[in-house]
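Swiss-Prot lists Arg17, Lys24 with the feature site 'Transition state stabilizer'. Annotation source Swiss-Prot lists site 'Positions MEP for the nucleophilic attack' at Arg142, Lys198, citing sequence analysis.
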Amino acid sequence: MDPKCSLILLSGGKGERFGANQPKQYLPFQGEPLILHALKTALHIPEITEVIVVCDVSYRHIFEGFPVKFAESGKRRQDSVFSGLQHVSNPWVLIHDGVRPFIYPDEVTELIAVAQQTGAATLVSNVPYTIKQRHPVKTLDRDALSIVHTPQCVKTEILSAGLEFASREGITLVDDTQAAELLDIPVSLVSSKHPQIKITYPEDLTIAHALL
């Protein structure tokens with residue numbers, strides 16, 4: 001099966017929880033905008049043959065000199081993914097958050113291989129703490145739960161159909177592989193072997209620097 005994938009790099013978030021005067025994916029990290037750390041890694045992964053950056057037009061200059069396509073960001077995550085999907089030319093697509101500076105080539109290779117067995121796969125890690133449901137209050141079995149990360153990999157036609165279904169039914173998705181779930185397509189879970197960090201709060205940048 002052809003492992004070639006397109007990467008949709010989501011960069012439309014405003015970073016309101018971070019409190020900075022610019023979106024957190026563009027904050028300085030190792031002397032350049034944070035998002036470029038993930039992009040540079042992705043461009044050296046053989047399975048990724050095209051990258052679509054979904055961002056506001058005013059930030060496109062940040063990606064000058066990189067071989068990427070652009071798509072307009074939408075109101076919701078799923079709208080941005082659908083926008084990027086219109087520029088995808090491969091049968092498989094990876095979706096990655098621009099506020100996650102680390103992409104690991106070995107995990108991308110495994111993720112794609114696993115996704116091709118079922119149609120969709122996502123990186124996950126174990127839940128290390130106790131989780132309680134709010135209403136009614138009860139303790140959940142953390143062994144039955146996983147923390148979801150990106151990238152996620154979905155067959156392009158499945159992602160497109162799932163997003164269209166969600167739009168018709170007025171469903172707001174919380175992650176990208178949920179589009180496959182809506183079509184009753186099983187999603188495979190790939191356990192991450194590396195530290196995962198999403199830049200949400202200022203202290204997350206300190207952690208990211210420590211992981212280099």
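Glycine residues also receive a Cβ, built from the backbone N, Cα and C atoms like all the rest.
Across the fold, the C-alpha of Arg142 (site 'Positions MEP for the nucleophilic attack') and the C-alpha of Lys198 (site 'Positions MEP for the nucleophilic attack') stand 21 Å from each other. The local packing around Lys198 (site 'Positions MEP for the nucleophilic attack'), expressed as other Cβ atoms within 10 Å of its Cβ over all shown chains, amounts to 15. In this structure, the CA atom of Lys198 (site 'Positions MEP for the nucleophilic attack') is 10 Å away from the CA atom of Lys24 (site 'Transition state stabilizer'). The most crowded of the recorded sites listed here (Lys24, Arg142) is Lys24, judged by how many other CB atoms sit within 10 Å of its own CB. DSSP assigns Lys24 (site 'Transition state stabilizer') to a helical segment in the three-state reduction.
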